[in-house]
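According to TrEMBL:
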type: TRANSMEM; residues: 41-63; note: transmembrane segment
type: TRANSMEM; residues: 75-96; note: transmembrane segment
type: TRANSMEM; residues: 108-132; note: transmembrane segment
type: TRANSMEM; residues: 153-171; note: transmembrane segment
type: TRANSMEM; residues: 183-209; note: transmembrane segment
type: TRANSMEM; residues: 230-255; note: transmembrane segment
type: TRANSMEM; residues: 267-290; note: transmembrane segment
Amino acid sequence: MNDINAIKKFEWDFQMSNFSSSDFPIEQFRHSNDENEFETIVGIAVVFSAATGIFANFLVIILSFGHVKGDFRFFVANLALVDILCGSVFMFMGYINVNDDHHIPSQFLYYMTLAFYGSFGTMICAIVPISLSRVLALSNASLYATLFGGRRSLIFCVFLDFLPVGILYLICVVEHDVAKILFYTFAFITTFAYFVAFTTNYMVFRVVAKHIKVVENLRDQARLLETRQVAIATLAQAIIPLFCQVPAFLTLSSVLLLSEPITNGNVIIITQLWLALSPFLDAVITIIVIKQYRKNCLTCASTMGKRIWKPKNTDALYSEEKEAFETRL
């Protein structure tokens, strides 16, 4: 009996010695589980960041049409509207990362993925009207009136908003070879939009620095300073997304060019969070940097705070007690 047990023990030890840790899926399961938890946390953060950005940009639109003065407010409101639409896409993709049990068609998810990673092109194109209008308003009033006078400003904004969106849509429906050409076109338009934003803002700084020294009218000085504030806000809104542009661009290119992802999977997931923060950061920069938005936002917050924390009206109670006391007398 002891011999039999010894043989069984030897066979068990031999089998265990031939197995490595890779033969058991426990470590792989743990690794997969950790990745799922990480994706879930990032997905929840994406949804929260996108929702906060949507709320903040709704505030910017309300301030633009209800309190702020100046023609630049329409271009700022256009950027806020684009951020709201992009934020909605970010919320949807964050929900997909959190909820695996969905029945959404794969074709629609493909479109939304392209919209997600291609949203940076739409957001930077929405900055161009702000920058271009400011430099033309300072340097060439006639050209400014030609491009941005009346409803032409709305047409210009809508054209730049839908240009990258239209290219992304065509990428989804055309053949792969044509889609590659359209992708390069999309990349060129995005790069050129960055170039226009940086160049025009630099020109605004130069023009304002040149004229602020010789202008004696306080109203004109205030207008120049406000123009510089808009340029600073636009420049910051163009610089901040650059930190996430490279991994997002590489992710989009790997999808469209059918190549292996160049960046790490965790980097791509974190890129989603940074992209989702972009609408919120745009709104915060607008409110903090541009004085009219900052001043009116603080005024609205102060008014709402007074209404919420207003002490109970004791005058009515005091008058009722006084009337009762006089009646007794």
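Backbone N, Cα and C atoms are what each Cβ position is placed from, and that goes for glycine too.
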Under a criterion of three or more Cβ pairs within a distance under 8 Å and sequence separation of at least 6, are the transmembrane segment (267-290) and the transmembrane segment (41-63) in contact?
yes
Sequence-distant contacts of the transmembrane segment (41-63), meaning Cβ under 8 Å and at least 6 residues beyond its ends, amount to 76-77, 80-81, 83-84, 87-88, 90-91, 93-98, 269-270, 272-273, 276-284, 286-287, 292-293, 296-297, 300
